[in-house]
Amino acid sequence: MERNDLWNIIKFSMKGDLSSITFQTFVEPAKPLQLNNLQMTIEVPTKLHRDYWENNLAAKFTDYAFQATNEQITPVMITEEERQQLTKKSQATTGNVASGETTAATTPTFMRETKLNPKYTFESFVIGKGNQMAHAAALVVSEEPGTMYNPLFFYGGVGLGKTHLMHAIGNKLLETDPSRKVKYVTSEAFTNDLINAIQTGTQESFREEYRNVDLLLVDDIQFFANKEATQEEFFHTFNALYEDDKQIVLTSDRLPNEIPKLQDRLVSRFKWGLSVDITPPDLETRIAILRNKADLENIDIPDDTLSYIAGQIDSNVRELEGALARVQAYSQLNNSKITTSLVADALKSLNLSNKLSEVSIPVIQEKVAKYYHVTMAELKGKKRNKQIVTPRQIAMYLSRELTDSSLPRIGNEFGGKDHTTVIHAYDKIAAALKTDPDLQQAIGDLKSQLKA
Ligand SMILES: Nc1ncnc2c1ncn2[C@@H]1O[C@H](COP(=O)(O)OP(=O)(O)OP(=O)(O)O)[C@@H](O)[C@H]1O
């Protein structure tokens, strides 16, 4: 989630929770500066504000952030004056931005304790077609680290569960044997740690810290792109761990050979183990993920409403969870039960997805069904008689024209049809439209009804 989106959600929650004077005094003037490594740096006007935040608001912040993102995000408070001093200092040295890490630079950053998210476990991970193999490989690695798949490399788009699986491996390993040393870092944190070690002459401790672990988890290694010194150091870290049969797990948004300027020797090492991709969840898995999450959080929500959310958001799981958190907040605020119409309102007013301001596929289906006097079930069904096939094809055509849903998603909304069926329907109607005045009339009528 973007920094400002998250901040707005937290502010919104705090507003409902604090007295209006407290809110105006302490929350209103605070400014989120940066969201990085599970820390949000927040600027406040004075030391008094900072102290108040640290003593009274930080815990609330973390709770609300967790509700919205499922991640343990800590606020790092900084006064305006401190920020100005840091900016001056960093301009004079490396051009580093003011961040929580800079303010806390008294101990080397790499000595920070690894924080695994306790909620990211195998139990809370929903298995579907797109992540089945990744899940199985992760489980094997957590049971027998350093033996079968080393390194284990997950790749795939954002918010699809790569970090979740990584933490699950760490959590499971520690549960089985709490004496094991597990280190989780993002590739950016690895780079920052290295820079910090070089600046403070503590490379030896850096190496000790990274090379004496049983399990090293490095997230988002696509950010190693173009970073020569980091790659060099990581190469040696990798070799030391590998030779010692220690487990390495890596994630990236793409395959190693697609990461720009990643040294060949790293690319080839990353291929020694197992690379598994994670693909976006299908509708059923999205519904299962939402159901799982709703049950975990004790959110009372009917099945058809969950299906509605899952139908609206097909990009990634993070957005899906974000939508559920927004819906929950919206229902609490309005003091009403969660229903499909409340969800439609909640998602629209929070402007979660542009698609929602457009016509949706179910609405198109309803209008077409009514226009041609067929039922919704017939429209989504398999019957092949002309009185039903034509309206079905028209509805598919309009879904493609008027929404930006993908072909597979349109197919899904029509009772799980293949995307090639949607293409065929679209082409057929588009061709007929050139010559058939009745069809032109019908499509014109339907479009104007849908836009009304
Ligand atoms: N299959 C799943 N079951 C349950 N929760 C899931 C699943 N997949 C993803 N999630 C949840 O979705 C959110 C985003 O997942 P995660 O952070 O692991 O994504 P990612 O692939 O690492 O993305 P990024 O590349 O942006 O770091 C997390 O809260 C995670 O728990």
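Heads up, the Cβ atoms here are built off N, Cα and C, so glycines get one too.
Keep in mind that this is a model prediction, so the values were computed, not measured.
The region 'Domain I, interacts with DnaA modulators' annotation in TrEMBL covers 1-93.
Annotation source TrEMBL lists region 'Domain III, AAA+ region' at 115-331. Here the region 'Domain III, AAA+ region' (115-331) has a mean pLDDT of 92 out of 100.
The domain 'AAA+ ATPase' annotation in TrEMBL covers 148-300.
Under the three-state DSSP scheme, T163 (ATP binding site) falls in the helix class. Over all protein chains present, the Cβ of T163 (ATP binding site) has 20 other Cβ atoms lying within 10 Å. TrEMBL lists G159, G161, K162, T163 with the feature ATP binding site.
Annotation comment: TrEMBL describes 332-452 as region 'Domain IV, binds dsDNA'.
What TrEMBL lists as domain 'Chromosomal replication initiator DnaA C-terminal' is 360-429.
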Chain-internal residues, separated by at least six, CB under 8 A from G161 (ATP binding site): F125, N131, A134, I278, V317
Cβ-based neighbourhood (8 Å from the centroid) of the ATP site, residues G159, G161, K162, T163 excluded: G156, V158, L160, H164, L165, T251, I278, V317, R318
Binding-site residues listed as G159, K162, least Cβ neighbours within 10 Å: G159
